[in-house]
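Following: one structure in structure tokens, then a few remarks.
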Amino acid sequence: LRQKLICPICKELFTHPLILPCQHSVCHKCVKELLMLNHEDSFSTDGGSESSNPGSPRSRVPSPSMERLDRLVRSGSISSPGWRRASVTPRITTFPCPGCQHDIDLGERGISMLFRNFTLESIVERYRQAARAAVAIMCNMCKPPQQEATKSCMDCKASYCNECFKLHHPWGTPKAQHEYVGPTTNFRPKVLMCPEHEMEKVNMYCEVCRRPVCHLCKLGGSHANHKVTSMSSAYKILKEKLSKSIHYLISKEDQVRTQISEIEVLIHQTEENGQLAERRANEHFERLFETLQERKTEMLRSIEQSRNRRLENLRGQVDEYQGMLENSGLVGYAQEVLKETDQSCFVQTAKQLHVRIQRATESLKTFQPAANPTFDEFVLDTSKEELLLKDLTFGGVPDPPMIDLTRSRVYNEGVIHWRLSDDTLPMDYHVLEYRKVDKEEEHGWQSTDHVYGSSTVVTDLESDSIYAFRVRSYRSSMCSPYSPEVTFHTPTATVFNFLFNDKCGYSSERLVLTKRRDSVESTAGMTFLLSAERVQTGSYICLDYIIGDTGITQGRHFWAFRVEPHSYMVKVGVASDSKVLEWFHHPRDTSSPRYDHDSGHDSGSEDTSYDLSQPFMLVTIGMGKLFIPKASITANSDHGNRVLPMPQRIGICLDYDAGRVFFYDADTMRCLYERAVDCSGTMYPAFGLMGSSVVHLEDFCPAKRLSYT
């Protein structure tokens, strides 16, 4: 249990834990150390909000240093968002969660927008009490010597012995109605208050943000367009789910123990095999060291022997030349022989001496050292061996890579990503293989060039075809097994490249485009609230439309996009230039139930006119669902068949020449819906957004800008 009660930052038991938006918890003091950019003791009196303050939920004692920082920020004296310890700089509001590493943005309110995790705090307190059962909690009111406390008042936030409790909670006074519990040091507020609206109690649960909210948050705050439920309902549902999960885990206790035993065996095997691998690697390196030492000894001995021979020759040559000097050596001896007067004795000695003198004379005329002082033949080139040693690696077969389905995309071009296991050694290169899957004809595998990264692009894929892909890795002379084969279905047409149009009819007040113009978001601002008055007249708030910046006048084209799951309502499809002009220049209640053929309401007029070819076609997506237009379902069909789960990626194919539009699940290329459309003019990709909605074009759509005539 203790492992679950440890803060991931300070590695100690939680102290006043706060719940981050990602649902992980950290200590109050640890979050302050991450966010506050002044000395830690400058914030020791910071009370925070009622929900994150370790003390009373209503007490708010701002830190003087925090007030000074706020004044500096408001005055513009501080502009750098940087982080320098022990310097007066503004605090940051974004940091990575230590549990999941997701970026946490606390916004302008900072810590004050976080809830205290009182449940976790209570569990930690019970754990601490169990750990220090022998240490009693003392009365806070007794004069020395203090008595052991028998109860704690949750309103006074103090512990009392029996006598002091009676003294401070006299019968017949309001204090007698205070709530008291057994001795504790964990005093939690009776009611959880909203961190954004300090005087409001939380009474609802936001299913999108997964946090408690008050009614003001739902009416006009940041949760206005989110799905919420009552706190009692959320309590019942979550408690039931948690109870079922715990019951399931308890029922599987034998299985868990068996798996723990298996893991412990694997741990033991891992330790033994790791030690064996270390010993074997050590043995190989020792043999290498021994071989190197042997070669070093032999080669140094050869150098030494050559050096000694050369020195001996050169010293002999020096002695020989020393003899050519007067009164020394050969010359001195010859001078003495010349003094001989007996002719026979002179001739006997001079003959051999003359030969030696002539040899010395020739040597003098053609002087050449007796040995070469350089040792060029002993220069050692180890560059190849060094490269071999640098490339020294384990000779085992590499693990196969795995193709990443979440990042890979295949259209008329395919972008294939793969990943290696965490403990895999670096690879030299990879090779991707692919082939067309055809029941009637067997196609061979095609290979790409060597890929030195973890992704590659495959071009010239045929439309409306299934392709299989696999990849293998290479290291030194070894290659891994192939990865498991994965298949992708290419679209029924070539990719249509466009961006969102920020000129024609674009509403900058209610729509937000990214710089690349590949994502658009509708914001529920003041205009949206003012338009809500029209609900009283029976009309609906109009959609905000945006179209692609490139039109289609011929051919068959495909594009795909993603709609965020929390989006309230998005209409997607195609529209002609005349219809676009009508939407943008003659605004009216385009989401009125009597106006749009895909409104989803039971209007009889829809059925009578639905089969007529219109210059536009839009399908409704919202709240994680995709709604099939009603007239496409037969009268005997189940009404529930109109509502489908929203695909992760949605594809649209417009056949301009045939006058038909198709809607696909872009992951499986399963056609969800099709119908005729009047293509008498230039057709544009069209999107209508309402409430808090977001649409992202797939990366391949804005990747190339093609001209269509």
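Cβ atoms are placed via backbone N, Cα and C, with glycine included.
Taken verbatim from TrEMBL:
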- 7-33: domain 'RING-type' (DOMAIN)
- 42-67: region 'Disordered' (REGION)
- 51-65: compositional bias 'Low complexity' (COMPBIAS)
- 189-231: domain 'B box-type' (DOMAIN)
- 338-395: domain 'COS' (DOMAIN)
- 397-493: domain 'Fibronectin type-III' (DOMAIN)
- 478-705: domain 'B30.2/SPRY' (DOMAIN)
- 590-604: compositional bias 'Basic and acidic residues' (COMPBIAS)
- 590-609: region 'Disordered' (REGION)
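As a whole-number mean, the pLDDT of the domain 'Fibronectin type-III' (397-493) in this prediction is 87. Applying DSSP to the domain 'B box-type' (189-231) sorts its residues as follows: 7 helix, 11 strand, 25 coil. Residue counts for the domain 'Fibronectin type-III' (397-493) under DSSP, helix first, then strand, then coil, are 0 helix, 42 strand, 55 coil. With DSSP classes pooled into helix, strand and coil, the tally for the domain 'RING-type' (7-33) is 6 helix, 7 strand, 14 coil. With DSSP states grouped into helix (H, G, I), strand (E, B) and coil, the domain 'COS' (338-395) comes out at 34 helix, 0 strand, 24 coil.
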